[in-house]
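Following: one structure in structure tokens, then a few remarks.
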Amino acid sequence: MGALLLRCALLALAAGLVAARGGGGGGAGAAGRLSPNYYRHSCPRVERIVADVVAAKQRANPSTAAGTLRLFFHDCFVGGCDASVLVSPLSADRSPERAAEINLSLPGDSFDVVARAKAALEVACPGTVSCADILALAARDLVGILGGPRFPVALGRRDARRSDARDVEGNLPRTNMSARAMAVLFARKGFTPRELVALAGAHTVGFSHCGEFAHRLYSFRSADGYDPSLNPAFARALQSSCANYRSDPTISIFNDIMTPGKFDEVYFKNLPRGLGLLASDAALWEYPATRVFVQRYADNRTAFFEDFAAAMQKLGAVGVKTGRQGVVRRHCDVL
């Protein structure tokens, strides 16, 4: 009888360990099963195929890089890196993540580059490479094309079986957030203030619509009507450029007005000078816990590149699904 009880207890313990390792839709255990060599035998040319598609798309549409970086971040911070943000509202029974208000401004070129790479891979290796892995590779490759760091990408993610717009709210930073609020949000995902600032460095490329920072330009409670943390000449130029943003919401300004097409550390140099476009950018300089890293990266491009690469690798492992936790979609925009 005692032996039987002992055996039952051991079986229960084993079941508990399996549940702990496999539960939660993909955590540290799932991330540990990723590998840069995941497709070595099933699709050995996967990185070359994605790189070729990405390079051609970036040449044709230079805004692709910044948009794809943002798309990758929005995917990973909501339910993990599982391509759930790629699902089209036209193909889903309920509103997917892509239909959430904060995702409506995600650029079409970023979705298109993933779709093109997926189509090429379906010819070379049908039903093998996940959309989540394609997005991770595309984001990495586009950073390199713009002069940023190259780094290995662990592969083996599966695509989500669901996508729901209701999952988005509260999981992504807003452009008017304080640095303290962003630090709390990132901490919930397992990221430090240092990693927050490194990832924010992606704003060294891309642009923002005037509506996202207009509150800093007009009717601000200051003598000049604009946010006093802005460089005065920069603020006046923005007021002029964005004057018609209500009638034309497409009016946009580069996030880094100095080197907008280059992935570098100049974004961080801009912040102490009052040249941060978004309130959330400026906030990184005003908050002591993040200011130290803004200064570090402004002074040292190598430090920024190293920390950005490490943070991107960590981001790419957030909430991943492997094995039976997910699927490999034939079309990235369709569940």
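From the backbone N, Cα and C atoms, a Cβ is placed for every residue, glycine too.
Features reported for this protein in TrEMBL:
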BINDING   Asp75, Val78, Gly80, Asp82, Ser84, Glu97  Ca(2+) 1 binding site
BINDING   Pro173  substrate binding site
BINDING   His203  heme b binding site
BINDING   Thr204, Asp256, Thr259, Asp264  Ca(2+) 2 binding site
DOMAIN    33-335  domain 'Plant heme peroxidase family profile'
SIGNAL    1-20  signal peptide
SITE      Arg70  site 'Transition state stabilizer'
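Listed recorded positions near Ser84 (Ca(2+) 1 binding site): none (candidates Arg70, Pro173, Thr204, Asp256, Thr259, Asp264; Cα-Cα distance within 10 Å). Cα of Asp75 (Ca(2+) 1 binding site) to Cα of Pro173 (substrate binding site): a distance of 13 Å.
Between the C-alpha atoms of Asp264 (Ca(2+) 2 binding site) and His203 (heme b binding site), the distance comes to 10 Å. Separation of the C-alpha atoms of Glu97 (Ca(2+) 1 binding site) and Arg70 (site 'Transition state stabilizer'): 14 Å, rounded to the nearest whole number. Cα-Cα distance from Asp82 (Ca(2+) 1 binding site) to His203 (heme b binding site): 23 Å (rounded to the nearest whole number).
Sequence-distant neighbours of Thr204 (Ca(2+) 2 binding site) (same chain, six or more apart, CB under 8 Å from its CB) are Asn255, Asp256, Thr259, Lys262, Phe263, Asp264, Glu265, Val266, Tyr267, listed in sequence order.
Of Arg70, Val78, Pro173, all annotated as recorded positions, the residue with the shortest Cα distance to His203 (heme b binding site) is Arg70. Other than the site residues Asp75, Val78, Gly80, Asp82, Ser84, Glu97, same-chain residues with C-beta atoms no more than 8 angstroms from the centre of those residues' C-beta atoms, the Ca(2+) 1 site, are His74, Cys76, Phe77, Gly79, Cys81, Ala83, Val85, Ala160, Ser163, Asp167, Gly319.
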